[in-house]
Structure formats: structure tokens, C-alpha cells
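Trainee: Sharing the feature lines straight out of TrEMBL:
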type     : residues               : note
ACT_SITE : D336                   : active site, 4-aspartylphosphate intermediate
BINDING  : D336, T338, D753, D757 : Mg(2+) binding site
DOMAIN   : 779-1033               : domain 'P-type ATPase C-terminal'
TRANSMEM : 58-76                  : transmembrane segment
TRANSMEM : 220-243                : transmembrane segment
TRANSMEM : 263-288                : transmembrane segment
TRANSMEM : 810-831                : transmembrane segment
TRANSMEM : 843-863                : transmembrane segment
TRANSMEM : 892-912                : transmembrane segment
TRANSMEM : 932-950                : transmembrane segment
TRANSMEM : 962-986                : transmembrane segment
TRANSMEM : 1006-1027              : transmembrane segment
Amino acid sequence: NDRGFNLSFQYANNAIRTSKYNIFTFLPLNLFEQFRRLANAYFLFLLILQMIPQVSSLSWFTTAVPLAIVLSITAAKDASDDINRHKCDKQVNNREVEVLIDGELKKEKWMDVQVGDIIKLENNEFVTADLLLLSSSEPLNLVYVETAPNNCLDKFKGTLTVNGQAYSLDNDKVLLRGCTLRNTEWCFGLVLFGGPDTKLMQNCGKTVFKRTSIDHLMNILVLAIFGFLATMCAILSICNAIWEANEGSAFTMFLPREPGVSGSLSSFLTFWSYVIVLNTVVPISLYVSVEIIRLGNSFFIDWDRKMYYPKNDTPAQARTTTLNEELGQIKYIFSDKTGTLTQNIMTFNKCSINGKAYGENNRGERKTPRVDFSWNQLADSKFTFHDQSLVETVREGNPEAHAFFRLLALCHTVMPEEKKEGELIYQAQSPDEGALVTAARNFGFVFRSRTPESITVMEMGRKVVYELVAVLDFNNIRKRMSVIVRSPEGKTTLYCKGADTIIYERLHPSCSNLMKVTTDHLNMYAGDGLRTLVLAFKNLEEKYMEEWRKRHNEASTAMEGREERLEELYEEIEKDMTLLGATAVEDKLQDGVPQTIEQLAKADIKIWVLTGDKQETAENIGYSCNILREEMNEVFIVAANTAEGVRRELQSARRKMCPDAAEEPSVIKARAGLFWLKKTQTVQDEKVNGEYAMLINGHSLAFALEEDLELELLRTVCMCQTVICCRVTPLQKAQVVQLVKRYKQAVTLAIGDGANDVSMIKAAHIGVGISGQEGMQAVLSSDFSFAQFRYLQRLLLVHGRWSYLRMCKFLRYFFYKNFTFTFVHFWYAFFCGFSAQTVYDEWFITLYNTVYTSLPVLALSLFDQDVNDRWSFQHPQLYAPGQQNLYFSKKAFVNLTALSCYSSLVLFFVPWAAIHDTVRDDGKDIADYQSFALFAQTCLLIVVSIQMCLDTYHWTAVNNLFIWGSLAAYFAVTFTMYSNGIFVIIPSAFPFVGTERNTLNLPNVWLTIVLTSLLCILPVVAYRFILMQIRPTINDKVRHRARKDPPPTPSLHRPVRRVSTRRSGYAFSHSKGYGDLVTSQRFLMMRPVKSQAMRFSHIAPTEN
């Protein structure tokens, strides 16, 4: 604890930093990042070109003003995002913890904690850094923490040297940052690693800048546009050279060339002049408009009251503002289980005792009153049960009921804590065990205390101390647990609980009738999605027991074949048992989970569960929340312990699902990305008849993720509707996500609530954090967060789908209006000697994108919706176009380019033909350049505004204001800028004086505007109408129905009763070996932790 000495080693401090800038680096770094965008760098180059008089025919401000606006808005947005990161970092770094300094405990900020410090933590506090546990308030210096081991976080090797004596350190003696101290008053720890060196930060995965598929497509399209621009400029410069050679000499008399400028040099300069004139084909405001749209749609998520969880005062939050539209394109969801799908709260709902069923008839419907346990002074006030007859049966002294609850009070590894008389706290290895022991407590059989040799129970108010003879522990093969106890009267009994199939094999033949009745009850419980256990007992003769114990001691101390010999003894004694009944425990799902999963499945989204829980637990939850269904053709289990075994199991499953499929996967290799430098490999989907699911264990997954097996794994699991990966590490979670990203070219989403989900959240295209009970690490690493899993369907089916629809409409319209604007310049070049003269007024060019067309398209992109949220929930199939990328793609881009080309032809040649050789009523000529420029730009703005109206599905006051207001603003600005007053002030900047009065007061001009608009719009309307009649989309059908029918009523979150004959396996999340610890002199007091809990024990080193 010598800070001065420790500082000499230059260990990392405990501060974390996720922000990108500080006050000094913001401006240079942000400008550097912005100019890395191709479009911004291009417009900076244009601005430089416009400073050259021989090249530019446009004033510098036509590019400088829009570029400055774009850079400023983007910088403000980036600054806002980074300020939020600084706030989050500051919040974490400024947390306080007690540090032992000069023999006194002093408050220090987390960021000031150093390696070598000794710190004190108290109950419910986050662990500050990676600590070596020195001591705690609990027996044997135990502490209990919440959250699961991260990748390799369960491995630690070190050596502690005290007074020349070396002591080995392993993970049992280490507390990791990211955990939360639970049910432990205090503990002291020595800081081993701080800040970025902590195992949590080392395993959080690399933070990558996530970009949407539309971002990548836009970059490719912008590159293609550059090529198209260069082609147009080259064509026009060549035409200029030809024109100069053939016609130009006739004009040199009154328009002489500058000294030293030849025809070839003139052509070269014309190329760069047209780069400036046609620059609008590369939209300068594209990226900033996209950022504004995303920011606005992010606010809609933040403000959505239907995603607000009042119980915890937690609103939904869009933590990243750059990924909204990708929420409308999700194909695969990777979900954690505990705390994400479930509440991790177990409740004792029903039971069957001696052939009679107790508990509610209808799960979820509280028709019967809550049982009053006031007669039991030691009852848990939080426990609820709704069948009074069971209390009456117990209080009447029914021997079977007493034996049933006596078993629950004795057969477990739970530890009690009684700090005050009668205030019992059970420290359970899993919530399941805690629920059963609490049930026994409330029904009068109160587990009070234990020692390595005894268990004390209060039975209906009478204290009974049982001698604990042996614990026959659970493991994955046994799927059962037994205890052997001796009562004060000297009666020795074996009590056993376990999976029904396992217990039934070991029952006495006399139990056959009772077994049939109990089986019916188990089927009923399984149909409700409850987790079931069967209970049985056996009375043992003392003589046999003495002989068995002797053999048990010999087997326990054997150096070879110990496990096999013990297993034989367990098998011998656990037979001919008498059936007592069965329990039914509910692992409470979060509200609305089954309905959400059902909706997402209808949207053709595949859901994979990646959990650290054991197979049986995950499988039970799979059935409870409808990920697994009884009607599925088959549920495959991959659990081999060798690479070859995993290969065989995967191939066997694949051949059953698709017998005609080729043995080798079909992999399509291609190139993608900017300049087509990125190589991609895509594994094709294969058609499967029927619905299948797969469960795969973590050790099998480790083999399957190896390079020679990964394609076989991916090919097989993608044939399944549902995949559940059990006992997986966080790194494996991330590897599964990356495998799908790499070979499926589909958009992925990962959702979790704990620190062990961070790597998965960062690996997926979209990361969603549940702000639950496992801290905020997942939320801090996520792109979106909310409090309940059920909000995911609203995030995707409503906000995601609308965001994708709006973004695609925006891009289609944005490129259309800019291309149409630019192509008119191209046609005009053939009438101006390819001289790079602009067809529009310079002020119109400056204001077209920034004022006249910016607000209407933003309104469309923020408020448009094809159908409302109720119809979106009613028809999840509306989500499919986003997954298939139908609304904006390279094909859609080519189509809109063709439409822009047609519109520009109409917009140029119809007005040109209308005023060519035309005179006014007074005989004056109106076919001058300025009149034609005003005529053409007015037609253009009206046509693109009408096109906007056609694309708007959902009209709001804002849409109306912006569309009609922009047109009104255009005419107001035009009349102002073309007025005599402005001309007098700055004649060189406003040369179009009086043009609007001479042009817009002519009837044939307005008639031509109407004709031009009809010629541009009618083909679009006709095409859409015919397509809707011949090949209507799901969107067309639902919109048609929405116009006729009232909106569907919101669905209520009623529990879904699942009809099933399947029963759960052993329900508990046990690990092998706790029975030995309970009966040892190092007996462990287990605290209530989550099913994914880490448990740390530490024996303080001594000098002995």
C-alpha cells in the first residue's frame, strides 16, 4: 500500500476514457475526420478551383456558404456526442471508494485509485478495479457478487509473497471490475489492475465505428457519381474543343481569348469549369442532411412514452445517432437469457403431493385469493400462493404433505443468514433452490441453520436437528440431488429430488399408480411452461447404512477411480424410492417476451439465444418464451467433446433438415466496398421443409468455431428457425455474431444486460443494452438502450422500419432533385458553345439545396410513415422490405438516375421550345438568357415539389408548411433579388433586375409550367398505378386496408398458455462439487446470486 513505491512501476491508473476529443484537439481532429469524407474533400477542392478566375464561372460563395454550413452542423453534432461521452466517463471516474491511506480509510475518486492500494467495498457497490480479496464480513472471507465471468475472466494465476513465503493466487481470490458486491457487508481488496488494464476493459472488445449498410452504399454511389461527373466534364470539354475549332473563331472578334490561351488550353480549363458547374451532382448537403435526419429519428426514440418503463423511471435511449435506419433491416437477433428474456425471479406456483394437485388452475389469472400465512411467524412476507387447501392439508398434519415439505427443507445446498431473530435470508446457489426452500418455510418447515454435520429445521413450530450423514451431489449426468439425514429419533432417511425421467427409473414398483397421476400433473405444469422436479424418499436401515458409509469413505479417499466408485454407491442407494410428488416453479419471463418473439418471428427475424446458463435451463426458457415450440419437427442437440464428434452431429442434423443438399456449402465470393477492395464470402441460404431448432453447448461450440468447421456450423444453424448456445463465454458470443456477419451479409442485433454481453453488443451491427439489475456496463457499450425486452419489437417494427423508409425516401428524392438540377446544365451546354455558362441564376444555385429544397425533404424524412404503429404491429411482414434492401439499392439508384435524365430533358426543352422565337403581346422578344433562366428554375422547383408531394404518405402541418412555405420563399426571394432596390445597392451581385416582372406575368409561361409539370409527373403516376394493380406489395395492401378500416386495437400482454407434453430436465443451475463443500469443514455460506453468478472464496495466507 506504498503509493510512492508503486508509482515507480508506471502502472495504468484507474481512469477510463471513451471520449474522442478534448477542448484543444476538437477543431483539428474533427475537421480532419470530416475532410476524410470524400464529398467534403471534393468540395474543398472545388472551393480552391473557384478562386481561379480563368476556371470558375461561379462566385466562390456558391460553394463556400454551403460547405461552411455543412461542416458547422456536423461539428456541432459531433461535439454534442462527445460531451455526452465525457459526462459518462466523468460519472464513472468520479465515483468514490474508501482507500486505506496512512492507516486511515479516506474517500478517493475511482480515477485516483492506484495499483497497490487497499480499498474497502460495501454491499451493493460496484467493484472499483481488479482486486485481490483480502478479507470480508463473511465466514472464510467469502464475498458474493453479481454478473457472470467474462472471457478468460475465470482464469487468473499469480503469486503473493509475504515475509519470503510464496502463496499461489487463482481466480477464487480475485474480484473483477464490473461486478457488484451483493449480500456482503464489507470487504477489503488489494488493487491488482486498474482502468484499461482490468480484465473487463481488456475483454470489452475493440470499439469500432459502426456504419450502416446505407452508409457503405452511399460511399460507393458517391464514387460512381464522381466517375459520372468526370465523364460528363470530359465529353463537354471535348465538345468545347470541337466547337472552338469550328465555330469559336467567329466569336473572337468581340470575345477575344486571353493572351496565351490556345484552343487546347481552353478545352482543358473548360473541363475544370464544368467540374464546378456540375458539382451539384455530388450533393454537398447529403451527409449533413443524413445526420440531421438520424438525429431527429433518435429523438423520437428517446421521447417515445410507449418505451418508457415507469417502475424504474427508465426511458428508451438512442445512445448512437448514426444507426437508426439499420434498425429496419435486422435479420438476426442474438439475445442473452438471464435478465434479458427473464427476470431471474423464481416463484413456487404449483405442486402435486400424493396424487393431488395444488395451486391455481389458470396460471396468470389471480382468481383465487392470496393465502394468508400469518399463522407462521417465520413466513416470508414476499411469498405468494393461491390455494388455501394446501395450507389446510399441512396444518391438519397430513404425513405425505409433511414429508414433501420436509424434503424441500433438507435437500439443498442453501445457506441461511439470521441477523435478527426471525429475519431469515436464504443464500441460494440458484434462484430455483431459493424458491423451493422459501416455499417449505412458508408452509411450516423452516430451514433455520446448518453446520457441516447437521441441519436445523423448525417443523410446524418445533425445532428439529437432523444429522447430515451425506450429500449425494448433482452433476449433469445424474440430474438429481440427494441428502441422507438422521432424525433425533434415530431414523435414517434419503431424500431425493431431480428430473422426472431420472427419478421414475428409481422408484419402487408400488408407486406405479401414483406415478401415472403425477405424470398427468407434470404434463399440465409443462404445458404452462413451468420448471418441474420430482421428489422421492427412502427409509434406510441402520445396519445397511453403517456398511454403506464405510464403503463411501473408502471411495471418497481413493486415489484412482474415485468418481466411478462413488457413482456406483449413489446408484445403489438411490433405488426403490417412494414417490412423494412434484414441484412446479416458474422462471418469470419479462412481461411480453413471448408476444415480442412471436412478432419478430413473423417479421422473418431469426432469434438466437447465447447464454452462460446450462442446457436444461436455457431449453426450459426456450419453450416458455416460444423460441422453441412443441410443433417443431426436431430440436437437435450438439454436445460432443471432440471436433470430429461435433462435425458428425452437425452433418447429421443438416442431412435430416435438407437431405438433398450438397455436402459442401455454396460460398459466393465477391468484391465490395470503396474501390471494390473488400473481399466478401456469402454462404447461401438453403431451403428447408419444416421448422427445426438447435441447442449447442459451449465446449462443442469452441470446436465448431474453428476454421475448418465454422462453415459447417453456419450452414447447419442457419437452416434452423431457432438456435440456443449454452455455457458460452462472452468471447464465444462475439465470435458467433462475427461469423454470421462475415458469411451471411445480413444485419445483426445483439441484446443483453450484463458486462458479459459487452463483447457481443460491440460485435453486432446494432447493440442494445437492457438497463436491468446487472449494472450499466451493457448500456454504456450499447447503441440503444431500454428497460424491458418487449420494447425491442417497437424499436424494430415501428422506429426501425419508419427510419429505414424515411432514409430511403430521402436518398431517392435527394439524388433525384440534384441530378435533375444538374442535367439541365448538361443540355444547356449544347446551346452555349460548351462555355461552362450556368443555366440558372447564381443565387438560385446557392439557395437551391440550402433553402428551397432542404426543409421539405427534412420534413418528409422526419415525419413520414406509410402506416401508423398499430398497423405496423398488426402486420409484422411490413418489415421484410428492409431486410431485402428493396427501397434503396444500386438498382433503385439507376432507376432514379434515368427518371432524372427524363425530367431534365422535359424541363429544358419544353420551356426552350415554348419561348424560342416567341414575343410578348407588345411585340418585344422574351427569349433572352435571364428570362429563360428564371423560367427553367421555376419549372424545376415546382416539379420537384410535386414529386415530393407524391412521395409523402403521411401529411402533417410541418410538411404543408415546409413544402408550400419553400415555394412561397422562392417567389419572395426572387422578387426581392430581381427588384430595382437591390440592384441599385449591389448591381454586380444582382444582375437579373426586372426579369421576374417581364416573365412571370405572361400566360404562356404559366401554361408551359403546367405542361412541363404534367409531362414530368404523369409517367411516374401511371407507372406506380399500373405496378400497384399488377404486382401490389404488402405495403400497398396494408395501406389500402388502413384507408378503409379503423386502426386495430392495441394488443394486451396476456400470458400465452403453451400446450406441451415436454417436461423440463433438472431445473437448477448447479455446478458439480458443492455438496462436498457443504459437508466439509471449509463449509461455504452461499449467498443469493443470479444464475450466472460468480462465487469467490479466499483463505487468508498465514505464516504457518
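Glycine is no exception: its Cβ is also placed from the backbone N, Cα and C atoms.
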Trainee: Is it true that the transmembrane segment (1006-1027) and the transmembrane segment (220-243) have 3 or more Cβ pairs under 8 Å, skipping pairs fewer than 6 apart in sequence?
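Mentor: Stretch pair does not touch.
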Trainee: What average pLDDT does the predicted model assign to the domain 'P-type ATPase C-terminal' (779-1033)?
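Mentor: For the domain 'P-type ATPase C-terminal' (779-1033), the model's average pLDDT rounds to 89.
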Trainee: Does the chain bring the transmembrane segment (962-986) near the transmembrane segment (843-863), so that three or more CB pairs sit under 8 Å (pairs 6 or more apart in sequence)?
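Mentor: Result for the transmembrane segment (962-986) with the transmembrane segment (843-863) is yes.
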Trainee: Three or more CB pairs closer than 8 Å, sequence separation of 6 or more: does that hold for the transmembrane segment (892-912) against the transmembrane segment (58-76)?
Mentor: no
Trainee: Apart from its near flanks, which chain residues at least 6 from the ends of the transmembrane segment (932-950) lie with a Cβ under 8 angstroms of it?
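Mentor: Distant Cβ neighbours of the transmembrane segment (932-950) are 813, 816-817, 820-821, 824, 838-841, 844, 848, 852-853, 856-857, 860, 903, 907-908, 910-912, 914-915, 963, 966-967, 970, 974, 978, 992, 995-996, 999-1000, 1005, 1008-1009, 1012-1013, 1016-1017, 1020-1021.
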Trainee: Who are the long-range neighbours of the transmembrane segment (58-76) in its own chain, taking Cβ under 8 Å and residues 6 or more past its ends?
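Mentor: Contacts of the transmembrane segment (58-76) (Cβ under 8 Å, skipping residues fewer than 6 from its ends): 27, 30-31, 34, 40, 43-44, 46-47, 50-51, 276-277, 279, 284-285, 287-288, 291-292, 838, 842, 845-846, 849-850.
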Trainee: At a C-beta cut-off of under 8 Å, are there same-chain residues at least 6 beyond the transmembrane segment (220-243) that contact it? List them, or none.
Mentor: 38-39, 42, 263-264, 266-268, 270-272, 274-275, 278-279, 281-282, 286, 673-675, 815, 826, 829-830, 833-836, 890, 893
Trainee: Please indicate, using numbers and ranges, the residues of the same chain that are 6 or more beyond the transmembrane segment (263-288) and have a C-beta under 8 Å from a C-beta there.
Mentor: 37, 39-40, 42-43, 46, 49-50, 54-58, 63, 66-67, 69-70, 73-74, 218, 222, 225-226, 228-230, 232-234, 236-238, 240-241, 244-245, 248, 257, 814-815, 818-819, 821-822, 825-826, 829, 834-836, 838, 845, 848-850, 854
Trainee: For D757 (Mg(2+) binding site), just count the other CB atoms lying within 10 A of its CB, please.
Mentor: 35
Trainee: Hey, how far is D336 (active site, 4-aspartylphosphate intermediate) from D753 (Mg(2+) binding site), Cα to Cα, in Å?
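Mentor: About 8 Å separate the Cα atoms of these two residues.
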Trainee: Tell me the Cβ neighbour count for D753 (Mg(2+) binding site), meaning other Cβ atoms within 10 Å of its Cβ, over all protein chains shown.
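Mentor: That number is 31.
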Trainee: Give the number of CB atoms, excluding that of T338 (Mg(2+) binding site) itself, located within 10 Å of its CB.
Mentor: 30
